[in-house]
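Structure first, then comments.
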Amino acid sequence: MLRMRRRSRTICLYLAIITIFLHLVLVLFSASMYHLPCDPPLPTRMSIHRELAHIHHISPVIMDANKNLSVKEDKKAAVDITVIRAEPAESGMSKLEALFDHPLYNLPSRPIPEEDWLFKVQPNAKNHDKSSQMWVSASRDGYEDVDWKNSSSHPPWLRFHLGISRWQLYPHRDPNMEPLTQHLANSRIVSAVQRSGGTQLKLVMSFPNYGQAMLKPMKQERNEETNYNLYYFSDFERHNAEIAAFHLDRILGYRRIPPVVGRLVDVVKEIKDITTDLKLARTFFTSPVGNVCFYGRCSYYCSTEHAVCGRPTALEASLAVMLPDPALAARRSWRSPWRRSYSRTKLAEWETNPDYCSSVKRTAPYNKGTRLVDFIDLVILDFLMSNMDRHHYETFEKFGNDTFLLHLDNGRAFGRHSKDEPSILAPLKQCCRIRRSTWYRLRLLSLPQYQLSDVMRSSLSHDPLSSVAPLLAEPHLAALDRRLAAVLQTVSGCLKQQSEKGGDEVFYEDLDHLKDLFASAD
């Protein structure tokens, strides 16, 4: 009997201990839940009006790229990029998507008048005019007979041509961009001929719907730096540089480089077997290890020593959509005022005359309008990607001097990541002139939320060739951030110089048309 009582007491004691333990666990769990912070609701996206109002009301202080530097600006400069606060990116939104969603990339614009479009779209043709709407190839081999009487039947390359305006090649939110890049990456190639002129090998590829693209083949590995002993004018052109230049141009908000896509091309089936270019056809051969190679005819690197080879037939290349034929949309070529001498011993005038910009500012077309700041935009692009080979640029003749500059031929960019070339920035240093909108976007890209290297990495990851290897090696991406800081430092130096000595304004005010927005947003 005594034993039974002792057992009952022991069992009751155990049950009491277990009950207390469970209560303690429950209390601790409840306390942790009580102190766990709730996820704050995602911030609503600020309207353009509202954010511009915040920008408008901030004091005129410019922050240096690497340190605090307060500089009094002119009365118009009542805005600072530091106030363009980066809203936390929404769930799942990449830095690139957040950047393109930022108000600086979605500024309100006026409707484009008819005369500011490169092409005027004719009204729908009548039935008896149907023959004029038909495109039929002379050879008909591989091409489609298509009837383009309305915009819904236009192929992507034609929609791209019809979307070119006085100020840009394509709009920021272009619904045609995805179909166009897919068209370049996947469409069947029906013709391949060598592009005449130039110092290196380039091919013109044609598609069944009459679209065309400029092909530049792979010449060297992505992580291979340009030889230090090579002069800039004897450097290789790189296919990945053309691709990266297009992405960088779009990230900077310029939209002045035609879309470029990477593609794996079959050297035999998509070039050798279909080419009608006899000179090109004679340059094909098989290497000792069985790779199919060719070298074409050109004035520089077109020889068996510099042949382009597949692996064994697969060749990496960039394909850039062709601009409208000059017979339909004439282009004018302009010699760069800061053109290099292209000599191993002789220097250009701008390299020896620090006041060189003063003479440029007095010379047409740089003495009025936006031509000078348009050229500075191009200079910044070239410095970021270390392109020293900018001897000319082009514009569409239809728009005269009041239009954007085409940023073409970027194959010699991204050659060196370990060295920056400060001489590329000479126009910015000597002229101390820049668009305010460009300055804002550069400052935005220096912020951690939109870091240039990160958005470039994200943008390039959408290219088809990124599945083979990253389009830019990491040192090249790091160099972008370093060079961006140098550009910001240069502009800050211009602001400091202006405040001390006076002189011309640093900023070209291209946001004046938003003054009404500022007022309405108060």
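Glycine too: its Cβ is placed from the backbone N, Cα and C atoms.
Among the features that TrEMBL reports, transmembrane segment is placed at 12-36.
Listed in sequence order, Asp389 are the same-chain residues at least 6 apart in sequence whose CB falls under 8 Å from the CB of Asp409 (ATP binding site). For Gln200, Lys216, Glu237, Ala320, Val321, Met322, Leu323, Glu394, Asp409, the entry in TrEMBL reads ATP binding site.
Annotated Mn(2+) binding site per TrEMBL: Glu237, Asp409, in sequence order. Cβ neighbours within 10 Å of Glu237 (ATP binding site), excluding its own Cβ and spanning all shown chains: 25.
The annotation domain 'FAM20 C-terminal' is assigned in TrEMBL to 284-501.
Cβ contacts within 10 Å of Asp389 (active site), excluding its own Cβ and spanning all protein chains shown: 19. Annotated active site per TrEMBL: Asp389, in sequence order.
Maximum C-alpha to C-alpha distance over the listed ATP-binding residues Gln200, Lys216, Glu237, Ala320, Val321, Met322, Leu323, Glu394, Asp409 is 20 Å. Sequence-distant neighbours of Leu323 (ATP binding site): residues of the same chain at least 6 apart with a C-beta under 8 Å from its C-beta are His161, Pro258, Ala329, Arg331, Leu406. Taking Cβ-Cβ distances under 8 Å and a sequence gap of 6 or more within the same chain, the neighbours of Val321 (ATP binding site) are Trp157, Phe160, Leu180, Leu184, Gly211, Gln212, Ala213, Pro258, Pro259, Val260. In sequence order, Phe236, Glu237, Cys298, Tyr300, Tyr301, Cys302, Gly411 constitute the residues six or more apart from Gln200 (ATP binding site) in its chain with CB-CB distances below 8 Å.
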